[in-house]
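Please read the structure below before turning to the comments.
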């Protein structure tokens, strides 16, 4: 057991020593790049001496273990020999005693007759003999156990010798590995030292080169330094003189600002005078052109229609007069004279150039209405709404309003609100509401002003073209369309885009409010030709009824009747303020050039001529001033507004306003 414990202790010590030495060697290898100094070499020599001492100590302990083991084995053999000799002597004595007793003459019978003392002695001898026999068996058992222990000790000794040989082999291998690792580390150390030396030489060379370059730069920068010093002194003198120069410049600037301010005041006064004169001239020009103007636009023939057999156009234009349109119907040439006729090749921009003067009147506080009229498929929706890349009147009008509002800032502060209404089957719908199917109604304002309003109509405040696009997308998504024989996507309702422009002049306190109604009427068509049935038939009947009511209103205005039937339909009732005295109205008649649509084109053009013959009373803007002594040229218009308030009923909307 002592040998095993000593052996294990030696193994643990060897392992710990080996790991510690390896760690030291690793640390030495990591720092070998800078270990070419004498201190590192002395540490290496100390480690070598320590390694030699440990090897000697290991050899001494191994020899001591072996000597101790041999001594213990010899002591065990000696003790076992002595015990065997003692047992052998005792066994021999016992055997001799038994032999003597066996060789003795048979005296038993004689003893039996002897006295009680003899019997007692015999019993004692027998007892002693039994005890000796028992002691003999015990000694024999002990002898066997000692022999077993001897064999076990011999086997253990052999195992220990084997383990010692194994340990010696392991120590030899460890010694070889240690020597190899030491050699590798020594080689690695030498290599790293050599590399570090080479790198240090290259770095030293680079440092010397940089130092030479810095010296050259220093020599070259000395003239520049002298120049900078001279410039600095000049700048220092200028800085000292700068306050006097600054005071002089400030005085000159103040004098110039005073002169410019007086000039600006004069220019501003002239600008305001010219602006008022421009408004007066613009409104006078619109009045001279007529409060109701009628344009006609002929749509081009589509590719599908060109492929058909009947593609001959029945319309012709006057090259000298752009207000005349000729139509050949059943061999008879008909002439229609309007305010403007647009040929099929006219662009959206050409159309809007003729319309934008009315849009400008809306900013000045007038009510303006622009509506497209014509049969199904004649291009009304295209003219009013257009497409994404080529917008129509609606988007162009709003963009013009934004441009005009921006130009008039900051003197004028404008607010532009938009609402969209659909009249479907004589039912008023809110296209911008959360539930477009809800029915709206036109009611009399309870404040006693005699004005009309639409409760629940949604109104959005727009501030950019992006807001306009979102409003149009929402309104188009909720509008009712259907397919007929005359148009694949026919609008089955009247769509009204109501734009309200409210302005306030912070300088004069004037307020203006104008309203622009942009109307895309449903297609006028003959029920038999359109092929409408069921719900489509009812839609067509309601559309024709509302258009007929519009014709009745136009006829009444043309004949100057005292009663104008505005209430015969939702359309005319809602457009009452746009068809009354203080409004400016533009009718865009859309016609098709195909012979198959000649009858509808003739009806549309005749209706347009009737509308053109209507004369409304003098237009006036809805303008409110804080001072009755204003010298503005529009003061007369304010008086006219008050004189006409009893002749018609202004339609207002009671709205829910949203800001995009």
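Backbone N, Cα and C atoms are what each Cβ position is placed from, and that goes for glycine too.
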Scan 44-71, 72-99 against TrEMBL and say which stretch is down as coiled coil.
44-71
To which of the residue ranges 569-614, 615-660 does TrEMBL assign the term region 'Disordered'?
615-660
Candidates 378, 381 (binding-site residues); min other-Cβ count within 10 Å returns 381
So for residue 375 (ATP binding site), how many other CB atoms are inside 10 Å of its CB?
23
Output the one of 374, 377, 379 that, of all these binding-site residues, has the highest number of other Cβ atoms within 10 Å of its Cβ.
374
Restricting attention to the coiled coil (44-71), give the mean pLDDT.
75
